[in-house]
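Working notes, beginning with the structure itself.
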Amino acid sequence: MVDIIFHYPFLGAMGDHSKKKPGTAMCVGCGSQIHDQFILRVSPDLEWHAACLKCAECSQYLDETCTCFVRDGKTYCKRDYVRLFGIKCAQCQVGFSSSDLVMRARDSVYHIECFRCSVCSRQLLPGDEFSLREHELLCRADHGLLLERAAAGSPRSPGPLPGTPPGLHLPDAGSGQQVSLRTHVHKQAEKTTRVRTVLNEKQLHTLRTCYAANPRPDALMKEQLVEMTGLSPRVIRVWFQNKRCKDKKKSILMKQLQQQQHSDKASLQGLTGTLLVAGSPSAHENAVQGSAVEVQTYQPPWKALSEFALQSDLDQPAFQQLVSFSESGSLGNSSGSDVTSLSSQLPDTPNSMVPSPVET
């Protein structure tokens, strides 16, 4: 139904239509009293001058010969109302005619030619499975590909390592290219090479057991580890530092992986579900949301009085004939034949009203 608002913003300066006196007609358009012979009435109690009732878009005059629509306090002709507020195709944004066949997908309506997959542009026929994602149609094949890509994730190029000078490039792993780092830092004097310390299984087991109990051992614990492993204090100190750094990097990486998995699951929530099945085309009967408001003509009370006066003027000759008949009867100048001819013109008395003779 068309929403008709009875309280309009412009009635404050033009007069309140709801507080009009009984028997008076106030124009909703200009707010003044209507003294015209005819009043255009829209809905039960909205009345206009004939010159005030017009379309808000094209200014076409509206009367009882055309269809009028009221929305948000404005009047529209049928053409502009369909153009502004009618149902449009979700693909081409063009309105429908009453003879068009449409395809429906949930709350969206499409032309038959516009009901296509947004990826491969294949027209979806009745019985085809499809999905509706962000107001875009996807056929079954493209829907499956989208699910696979979202589950696998798009490959990302590795970003620059922290602390790497600009201009350095690291090729992808497995490409077979040699990593080349070119810097503009001046070469420093060659330093003495350090001997790499190789730990055996027993030493590693001792250090790992101590690290599991306390990742930051104190000086007394380090002295005991020196006696137990036979390693230098510097080697033990560096091993604990490297172990703490590796564990910290591993925890950060695991946290990032968990966040990535959570975001992938959230992105897949809009894609999972049962595929829709295209139905048969249906006729688009209601091209306009709402029903038209009938515009009627209204005749004021004085119009009925004037018609009654005209009718009484037409009946005046018969009244004069009866008056002349009464005057002729009072003077006694009329003959019996005149009375008989005049009485023959009068209607006969019904039989039902003739009294029956009373038996004595």
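Glycine is treated like the rest: Cβ placed from N, Cα and C.
Quick look at what Swiss-Prot lists:
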DOMAIN    87-149  domain 'LIM zinc-binding 2'
REGION    151-177  region 'Disordered'
MOD_RES   S154  phosphoserine
MOD_RES   S157  phosphoserine
REGION    273-302  region 'LIM-binding domain (LID)'
MOD_RES   S280  phosphoserine
COMPBIAS  328-337  compositional bias 'Low complexity'
REGION    328-360  region 'Disordered'
COMPBIAS  338-360  compositional bias 'Polar residues'
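For the domain 'LIM zinc-binding 2' (87-149), DSSP puts the residue distribution at 10 helix, 22 strand, 31 coil. In the three-state DSSP scheme, S280 (phosphoserine) is classed as coil.
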